[in-house]
Each structure stands twice: as C-alpha cells, then as structure tokens.
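Scroll down for the structure; my scribbles are underneath it.
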Amino acid sequence: MRYSTKTQILSGSAIVAAGLLFSGAAMAQNVSIAFSASELGATAYNPVAASTLNTATSLIYDRLVEQDADQSYHPHLATSWEETADGMAWTFSLLEGVTFHDDTPFNAAAVQSWIASYAGTENEYLVEAIGSVDVIDDLTVRFNMDRPEPNLLYNLASAFMGIPSPTAFAELGDNFGVTAAVGTGPYELQSFEIGLETVLVRNEDYTWGSDLSENTGPGHIETFTFREIPDQSTAFLELRTGGIDLLLGVPTDFLQILEAEANIQIIQMPGVGISYMPINVTAPPFDNILVRQATGMAIDQEGIVAAIYNGVGAPAHNFLISSLPEANVDPALNVTYNPARARELLEEAGWVMGNDGVRVMGDERLTVRLYTANTTELTRLTQVVQAQLGEIGMEAIITVFDSSTIRDEYRNNTHQLAVRSYDWNNSDILDWFFSGNRLGYPNVSMWQDEEGQRLNDIAMTESSTSAERIANFTAYHEYVLSQHLFVPIYQPTQNIAFNSDAITVPDPVRGSRFRGQSFMDIQIVE
Amino acid sequence: MKASSMTARTLDTFARMSIGRAFASGIGMVAGGFLILLVLVAIFAPWIAPFDYAAQNLMNANAPPGWPHLLGTDEFGRDVLSRVIFGARTSLSVSATAIAISMAAGMTLGAAAGYFGGFFERAVMTVVDLTWSFPDILIALIFVAIIGPGLTSTTFAIAIAYLAQFTRLTRAQIVRLKRETFIEATVNLGANPSHILLRHLMPNAIAPVIVVGMLAIGDGIVLEATLGFFGLGAQPPTPSWGAMMSSGTAQLFLSPWVIIFPGVAVAVTVIAVNLFGDELIRALDIRDRLRGA
Amino acid sequence: MILRYTFLRLLMLIPVSFSISVVIFMIVYLLPGDPIDNLLRVGSSPEDRAELVAQYGLDRNLVIQYFVWIGNMFQGEFGQAIVLRRPVADLVAQNLPYSLTLGGLAFLFSSTVGMTLGTISAVVRHPVLDRFMRGFILLGSTVPGFWLALLLILFFSVNLGWFPVSGAGGWTSLVLPVLTIGFGGVALVARVTRVALLDAQREDFVTLLHAKGLSSGTILFRHLMPHALLPVVTILALRIGWILGGAVTVEFVFGRPGLGSLLIRALGQRDYPVVQACLLMLALAVMLGTLIGDVAQASMDPRIREKKS
Amino acid sequence: MLSVRDLGVAFGAVEPLSGVSFSVEKGETIGIVGESGSGKSLTAMSVMGLLPLIGGRITGGKIVFDGQDLTDLPERAYRKLRGGRIGLITQNPMTSLDPLKKIGPQVDDVARLHLGMDATQARARTVEILGTLRIPEPALICERYPHQMSGGMKQRIVIAMALAADPDVLIADEPTTALDVTVQAQIIRLLDDLVKQRNLALVLITHDMSVVAQTCDNVVVMYAGRAVEYGPVETIFDRPRHPYTQALIACIPRGLEETARLTGIEGTVPTVINYPKGCPFHPRCARAEAICATDPPDFSVEGDSAAACHFAEVAHAQPA
C-alpha cells in the first residue's frame, strides 16, 4: 500500500517513505474504514432493539426494500409488493433461496416473527401501524394494517428494519448483536470490540444483492475493518498516512486540506440533517413570541455557510432538509436573517438597548443561557451564533456539556437556547421533536399546544396516501414554523473521503447514505 | 494579635533575604523577571491586548501572523495575541487560586497530622497517599463530572490533585521540627498546642511549602490545559491557554499558529516557574528539608 | 521476616480498602442525573421508570445496595452495565489488557530510562551534560501529554511514516503512546534517582568503601544504587495507579481503549456499575502500589523492617 | 615503612596543609595531634590517595611507602594498596558501615579482593579476625546489620576490615573520638596490641594528648595546617619546646584535688582562610615577639626532635 507524505505543515518537502513498518498494511484483501463522529459508541448490532446503529449494520442485515437517492424504492428481499386501495393491507412476495448466516431459511414465517419482535422496543414506532402479519405461503406474507401508513416503505428501507435470523434472535436474547449478529447480509460479524473495532468477513454464498449495487454476488473484498476513532484529526491523519482507506464522515474544515491531496478523493452526497437552535418557549424572555421571532432573525445562515463551512453545504431556512417535498412551505414562514427587524421586535417587546451593548428591561439584562455538546463542529457553530446574537443586543452565555449530561440539562429545563443537530431524511422528524409527550428530550423547545398536537396526530395517523401525508406534514411544518420554536441554521452535506491509490468506490453513490449497497462495489486497486 | 505580627515579621525578613538571593543568580533573574512580567500582563490584560479577545470577524478567519494581527487570527477571526494575553489571566488565576486552596488545606491537614500524630496522622496520610497516587487527570475528570464543566470545577479539581503534595511536605516539616529541642522547651513552658503550631512550627515549615507551591503552579497550568483539551475547562469565549491549544487539532493543518503560540506560552511559563523555584530552593537552602515531600 | 512484615501491612490495608469501597460506592450518587434516563424509551410512563429502577436494584436503601454490591464483587460478579447493556466484567476484561500493556510498558520505559539517565547525570559530573539533563527533566514536566502526542504523530507517523497514527493493532501502535506517557515519567524518575545518588555519594561510609580498595564501579552498583533505589521505588510504587488510569489523554488522541477511557465514558453516561467497577480496579491498583512500595522498601532496608513490625 | 616529606594539600586556591613531614616503621606508632581544624585528618586522606574524593589535591612533597612514591602512583596500582597494604580506620563508626548490607560481606570484601579468597575462605578469615578483636560469637555477628550493633562494636568491625588483608600500615583517623570513655580505652589497648603482635606501623590521628602519651612512640604536633613540633614522645612530654605543645600538655587534667583548675588556651583555632602570617600560633602565644608576627620560624633541631619556634631554646621552664 503506497501513500504520499506531501505535507504543508512542518517539513513542507515531499518525502516518499520507502518501506512501511507498521502492520496496518496487511496485504490480505482487507479494507479499513473509520466511522463518522455521529456513529461512534454504538452498543450492539441489533436493529430491533438498539437506539443507535452504524453503517456496518447495513452489511450484516438486508432489508425487504431499499430506497435510492431519488426517494424511489427498489426491491431487495421483497421482490414485489402491493397495497390495497384503502391502504389497510400490504402483500409482499419474498425472494427465493435466501438463507441467514446460520443457514436457517429466510421465509414468510421469519418475517412474521421479525415484525412481532419490535413490540416493547425503542423502535416499536416503525411497526406501530401493523396490526398483524399473515403467512400466505412460504414466500408470501400479508401485513394487516390498523391504519393506512404511507410511510411504511420508508420505514422498511431504514437501517432499523434489517432482518435478523429469528432462531439466533430468540436464542441470544439480550446478547444478540453483542456476542453475535446473524442476518442475511453480504458480510458476517467476525469480531466486535465496543468503542474500538468491528471486523466483518465476506458471506461466500451471498448472491441476492439489490439492484442498487452493480455486484449482486459475494463482495469483492474479503474483510472490512470498521474502526472507531474519537479524535477527528487523528482519523484524518490515518486517512492521510494510509492507516485507513475510507473515512465515512469528513469534518468540513478538513475538506479543504484533503482535496489538496493527490491520492484522496472526496464524495459529497446531499445532506440528511439540519443544525438548528431550539428555543425553550417556557423560559422567559422566550415565552414572548416577539422575542423568539427576533432571535430567529439574528442568525445569518448564508454568512455562516460562507465563513465557517467555506461554502460547503447549504443554509437551512426551515426544519426539514430541502430534498423533502414537505420542506417547500409558504416562503414568508421561512426564517431568514433580518437584524434590523429583529432589533425593532425586541424594542417592541420592551427590551431597550443598555449602555454596554446589551438590552435591558427595567433592571433585568437580556442575558440568556446557550448550551451545546462538546464536539468541535457544534462548539464552533455555537460561538458564531453567540456573536450574532450579540449584534442584536442579546448576551448569550455558552456552557459546553458532554452528550449525555446535556440531556439531563434539557430534562431539568435549565436551558433557554441550545445549538444541536439531527440526522433524518423523513418529515416524521417533526413528530419526534415537537410532539407534546416528549418534553425535554427530544422536544427541547418544551412546546405543548393542542393545535400543534392535532396537526401532528392527523399527519402521523390519518394520512392514507403519500400525497395526503405530504400535505398534512407540510401544514404541520408551517404551523410549527409560525410559532418560532427554533432557528434553522445549516444543512451539512455528507462528505466521504477515500484513498484512491488503495480502493475504487462506485460513483454515483446509490441510496440516500453510503451504506451496504455501495460497499458491495468497492474494489482494491491492484 | 502579637503572635501573627511576629510571624509575619520573621517571614518578611526571611522572604526578602531569600528572594533577593534567588534573584541574584543569573537564571533566577531571567526567570523571575519573566514571571513578574507575566503577572503584570495578566493584571493589565484589558489595556495591553490590541483587540477584544471575543470580537469575531469571520471574513478574516485563520489569517497568518502579520499586521495588524501580530500572531494571526483563529477560526473565528479573533486576534490570537489578545487571546494569549487574556489567556495568561485565566490560566494563571485558575492555577494560582487552585494551588493557594491546595496549600492552605494541605498545610492545615499536614500540620494537624504531624503534630497530633497517632491514628489521626495514619488516617490522613493514607487518604492523602491515595489521592497522590491516583492519576490527577482522573481526579479532575471525576470532579468535573460531579459539578459540571467550567473554571470553578477546574480550580477545585487542580486543588484536590495537589493536596497530597502539600500535606505530606508540611507533615514532614512538622514531624522534623517537633523533635527539635527548642520546641520541647516551649512545651515545658506550658504553651498550648495552637500557640506552638502557629508561632514556632509553621513559620519554619512555610518556606519549603511556598517553593513547592510555586512549582505546583506550573503543573497546575499543564493540568488546566489538559482539561481544556477535553473541552471541560474554560467555557467559550473565555480564552485559556489550554482551551486554545485544544481548539480542534484540525487547526494544526489550517492555522498552526492558533495552537503553537499558546503552547509556547505554557511551556515558557512553566519552565520559568521551575527555574525560579530551583533558584529559590538553593537560596533558601532547604534542599534537604524538601525531601519530605 | 519479610513475610511477617507483608502480612502486617496487608492487615493494615483492610480497614483502608473498606473505607475506600464505601467512598467509591457513594461517589456515584454525587453525579447529577441518573442512567435510567438514558435507558428510558422516549415518552415512557413513570411505571416503566419504576420497573427499570427495580430491575437494577436502585430502589433499595443504600446500605443494602452497598452490601449486595460488595457481596457480588467478591464473587467476581460486577453486575450488568446499564447503558452499554452487557456484563461489566466483560467490559473491564476487554479494556484492562490494553491499559496493562500500555501502562506497563510506559512504567518499565520510564523507570529503566529514568534510572539510567539519573545515574549517568549523577555520576558523570559534566557541565554540558548537567545542563542538558536539567533541561530534559524540566521539559518532561512542562509539556502537556496531548500536545506531545500530536507532535509525535505529526513527525513520526505523518512525515516519516514509521508508526501508525492510532489504533491498537500490534506493537508498532504502542511505540508513540508509550513514548508520550513515558516522557513525563522518565523526567520524574531521573530527577529522583539523580538526587538520591548525589545524597548517597555524600554518605560517610563511601570514604571507607574507597579505603577498602573497591573500584568506583563496584561501589556505585553494589552499594550506592541500592541506596538510590529506596526513594525511586517509593515514587514508582505510588505511580502504579497511573498504569491503569493515567493514559486517558493518550488513549483519546491515539484512539486506543483503556480502563481510564472506559471510566470517563461511563461517567458521561452515568453508568453506575461500570463507574464503580473501574474506580474499584483503580483503587486496588493504587493500594497494591502502596503495598508493593512498602514491602520493597522493607526488603531492601533492614532498618525499616525492624522498626515497623 | 612510610615516610611523608613536606606534604602540601590544597582545595582550589586554599592550602589547609603545608610542609608536613613524618615517618613510621613497622611495630611503631606515630601520633599526629592537634586541635580539630588543624588539617590532621587530611594527612590520612592524602596517604590513602583519596583527596580527589573530597575535591582536594596534593601540591607538594612526597609520600614514600615501602620505597615507592605514592604521589604519582596510577589509580589502578593505588587501589591495590588501599585496604591491601594500608588500612584506614575512620572516625565515626555510626556512619562508617553501609546500613543496607550485613556485617559479614562488608568485611569479607577486603579479603576476597586483596587475597583472592573465595566466599567461604573469606568468611572463615573474617570470623577469625572478629574473634581476635574480642567480638562475641563472630559467626552470628556476620549475619546481623550495622544498626543492630553498638558504637564500640562497629569500630571493632571497622578495625577488622582494615586488618583483613594483613596490611603493613594502619591509619586511624581519631578512632575513639565518637566513643564514650570506657570503650575508648578498650579500642586504644586493642590498637596497641595489634601493633605489637602483627608488627604493624600505626599512624594515630587524635586531638587527645593523653592517648598519645599512652600509645605513641613518636608524635607530630600540628597547628593551623603546619607541623610545629615533632619528636619521640618522651622528649616532647619531658621538655616541650614549642609554646603550643606546652599548652596542650598543660591542658591534660591531672591530680585529683578539687581545687585544680582546668587550664585552657585563649583565642580560637584560625580557620584556613585567615592563617596568620609568620608563626601561625603567635596571636595566642604568651611569648610572641614582633618577629613572630612577620617571618615563619624554622625548625630548631635538637637530637631527634625539633620545634618551629624563634624562641625554642628559651622556653625550658616547666609550665606553672
């Protein structure tokens, strides 16, 4: 494995190292990958029960259906499906000849027990709408719905609906996904050291890849080593020195440097998340809607994208990623930068400018608590937000917490503003963040409102067709925007970097994320 | 009251004489001079710093050293020189207050343990030995987990990490002095324990403790920097050398000056503290009494 | 004689370890928030919460919980990690070897290199060497670990490519972390050895040793080194606690697992059983350190052996 | 056997010892006496060639041992002499033994090094020597540690070490100063027997004139780094010709009447940096004249003794 050591930092001169002393460059067919920062710390490869899953999961398990980048659905373990007109039943015909890693057969009975296993788990909402499952014959299964669920296909394509082997799932119980993970996927779990490394080895008798991969047979690569590297720049250096071949999440400020490297290629995929600032409506002064609206107008999304993300990614003006149909709301509701109007609103709300640049009302200063988690990206964004709030006379005091402590703070309702981000490419994220029964976390805005709840229930449970669902969610989205519960800031792109001297990666990348289907097409450069 | 004024006087002459000698030597002069300069910079930071340390100017981010930003700007366009100057104030004050607390607690504990001895001494020394051999970074991180990130918890974390050193040193001094004949004499004269401790034992024990305190300030700055690295020290935008050094190691590739200058500041300060400390030890001629630590 | 002395020291440790275990058990309740919040499914009812609390035995009063905990501990039953949902024993077993190899090697590196440098600087009175030694010892205590780690990675891994940037695969990934931790340790041990040797050389009996016609080499190794070892052994023994927990910073930068990092992660997630187990392991290592220090000193110095027993 | 001619020693610019001469034959004891700070211990270190250890160097004179001049002997050869043919007995027994090692091995070293004995032979020899020094159960003692021994016992062990390789010369640097009176007498008698039985040459350095009187054949009186009078003990004690010697002899407490007043010498011993010019004793000398303050007196020889004093002839009268 050859690599160039051109560097601008210390020596400045390009030194090509003759021999490689370290063992990373195993000649055997192995590709090593580093997870992105958001995927670190997954506790188990158990799609049914785990709350966080990483990319390796999509290689161990297959899904009935796969979703492409253009939101279209492609068959995988389900060859075809049809939904009854009233949306109360779905029938799937299954792929023949598919076996789990423990050689037990994949059939209708397996699907039936798999759907049932979601009961009582954190991911139960995925199958909530399914009343019961009937086995028609060995390769046909029917879902009898309690209510129409236009989002079913989206759920079935999600990583959380990978299909585990029922026998192994029952046998291992809580240990499933920890000591062993049995699915039908192209790769089997060889070893898993939590917080360090996961090694997958090729499933030789895999031939049922989806049409999102050119190679539907066994993978080209013998083993994939997934590594968890907590320090961002260490991961970046590993890629530079050939310690890893593929980095799944590249921080934006490294893009500039990586692009300058001859042997490193960058792939930018449309973003699947938003960075935003939730406003706690129960904490004065933000119980006044004018103050909330003013706060929204203080943030210069375009300026932020240009300055600290050097033009990579896009500004966010509402709560959903722009590729979702429910994102095109009435433009007037979009949150845009307008500092002059923001100052007027604050004056209107009674906050007059004090002598030290901070607004006052009576003897009270406009000083607010601004929380964020201790990752480099978020701390940097929070400091820019702090400065922009300062421009309109609002003094924000930052406190940086580690990720789980910050949840306690939200639950104890000690925050006023926070800077955070979410990763989801479906409009039901609105229910997740704004439904009344999830106050504190994830409903950081602590918002409870019957009109909001009504619109939420209609969108979640009473949309029978996808067109209807889009309309309902758009209405809900617009109502949420009108209440000024948050300030959208930035839509990051998904950036993946790989060592082009070591591996070739399919381009364009199929699917909404760089997942199992793309790994099938990775090849080693001889 | 009279006793304290007498102790103060002996301390005063003692200090003036030894500090003078410490400054006399070449190294002592340079190191001591640098430390005085540093304290002045920390005190008059607002007037010295060319820019407001928190003023962001995103258009001018990551500008290399030059004019008007002599040491360049960081990823928010803030002036690195001003942040290093204000950083001196944070790092020095955090470390100095922490060591002061640690010294006060350590001396009281050590003196009591040394003087009363017996089971009390055994208990105190065992606990203190445990904190000393427990990694200081872990003590600090546990402490921060309990009372949350920020400068107050960093100060207490550093104070606890060095408590053991001062307790051991004071106890060693007291135990050694307790056997001196002049102490037995005062005991026979019917002086009560606190009188003996305050008037006689402590003044003699103070010299080595002050010197070790100085050296510990250097270590305190390093520990504060490490806590900053974990993002648990000074909260943005308050500048501290530690936080600046760990403001995302990505800076090393984009704008290394943002990390290198505070790093140099830490190194030079700690070296100056150590050099001056050594000169002070030689001047006070307490090398052997230090072995109790 | 040594056995009797060690046994006595062990007896003295029992009350200490008891009080420490109580402190460790209580520390966890000082942490704000609790792990059940991390576990609770979003929007679950108070009954779910109560059920989970009962499942982990957090509802019983503290004293009972303590004795259950200690009872399990003796049977090697560390309980179930709440957030990571696996036996604590597995977690510790997975992380301990990494800490032991890294910490152990760093310990050996800093003691051997430290002692050699200390001895050389005490024996060879050469002004230039002296200045270099003082400079090196000074630098050892001024450079923060994470900074040194970064510089080493930049120089050796990125520029020269001799060692991997991070990870825990094979001996090559150990070199830079050991150097980073060891650097501080070497400085400390060298300083202590140097002072101890200089003091030993000033002892009266050294004149008689020369008068007996012994060569300065024999005097140094057979008579002076044992004297110098006494303070060095005490310092090293007290640092045994650092083997397991001291490498947190290095483990973070080099992306290596270890007991220290496990403790910090568990602290963040308020995973009580893991925090308690890690703290207990560290406390045991520290107590073991003080015991080994005392016993080593007693075995080397007959005066201590007589006095204390 | 050992003769020292005009020995001069310096530490950096300071010269604490100059122009010292004496010689001693086998079976003889020579005493070097003087108040502390007179440089007498330096003679021991010079003869042993250990001055570099304490930062000193020989500036002049010769040390002839068995016909060989030691001042320019290479270190390797010197090391063979040390402990082998010249034994040293140090002053403070409490700190002369390595506290971490047992007694046995510390004594065996000398025999193994100089007589090429193996462990068992050396140990047998040690036990035998300890026995001759009247140490009870020597075999047991070998297994004990220095801190378990009394001062007197430890001094005997130091002596055993000095004797282990059958040396020709023994140098005893104030061997009894740190011991209490009863043990002092035993040690002195012990040394005296050794000189007689083993036909050794003993250089006894002390500040105690009564010890000199009991054991020495010849004596050299030192003051402020110089020899001021030397000669056989009888002549020196009968007719001390140098005022300092007379004063020293006068200080020996005699007689038992309660009224006897102890006489002392006014003033204090000069430190090495302020040695007075001319005769060093003149500031404290009752008979000092102008000349004494200017030019240093030569030795006025009388038979086999001599005194460095301008008025040596005059001072015959017995002190009051």
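All residue numbers here begin at 1 and follow the chain in the order shown.
Using N, Cα and C of the backbone, Cβ positions are placed for all residues, glycine too.
Sequence annotations record features per position, and here TrEMBL assigns domain 'ABC transmembrane type-1' to C:96-293.
Taken from TrEMBL, the feature transmembrane segment covers C:7-31 (among others). Distant neighbours of the transmembrane segment (C:7-31): 62, 65-66, 69-70, 73, 267, 270, 272, 275-276, 279-280, 283-284, 287, 290-291, 294-295, 308-309; these residues of the same chain sit at least 6 beyond its ends, with a Cβ under 8 Å from one of its Cβ atoms.
Sequence-distant neighbours of the transmembrane segment (C:100-124) (same chain, 6+ residues past either end, Cβ-Cβ under 8 Å): 130, 133, 136, 174, 177-179, 181-182, 184-194, 196-198, 201, 220, 225, 228, 232, 236, 239-240, 242-244, 246-247, 250-251, 256, 258. The transmembrane segment annotation in TrEMBL covers C:100-124 (among others).
What TrEMBL records for C:136-158 (among others) is transmembrane segment. Listed as Cβ neighbours of the transmembrane segment (C:136-158) (distance under 8 Å, sequence separation of 6 or more from its ends, same chain) are residues 117, 164-166, 175-177, 179-181, 183-184, 186-188, 190-191, 194, 249-250, 252-254.
Listed as Cβ neighbours of the transmembrane segment (C:170-192) (distance under 8 Å, sequence separation of 6 or more from its ends, same chain) are residues 101-103, 105-107, 109-111, 113-115, 117-118, 121, 133, 136-141, 143, 145, 148-149, 152-153, 156-157, 162-164, 231-232, 235-236, 239, 242, 246-247, 250-251, 254, 256. Taken from TrEMBL, the feature transmembrane segment applies to C:170-192 (among others).
Cβ atoms under 8 Å from those of the transmembrane segment (C:228-254) belong to residues 96, 98-100, 102-104, 106-107, 111, 115, 118-119, 122, 144-146, 149-150, 153, 165-167, 173, 176-177, 180-181, 185, 188-189, 192-193, 195-197, 200, 260-261, 263-264, 278, 281-282, 285-286, 288-290, 292-294, 296-297, 300-301 of the same chain, restricted to positions at least 6 beyond its ends. Here TrEMBL flags C:228-254 (among others) as transmembrane segment.
Residues or ranges marked as transmembrane segment by TrEMBL: C:274-296 (among others). Residues 2, 5-6, 9-10, 13, 16-17, 20-21, 24-25, 27-28, 31, 69, 73, 78-79, 81-84, 88-89, 91-92, 96, 233-234, 236-241, 243-245, 259, 262-263, 266-267 of the same chain, all 6+ positions outside the transmembrane segment (C:274-296), place their C-beta atoms under 8 angstroms from a C-beta of that stretch.
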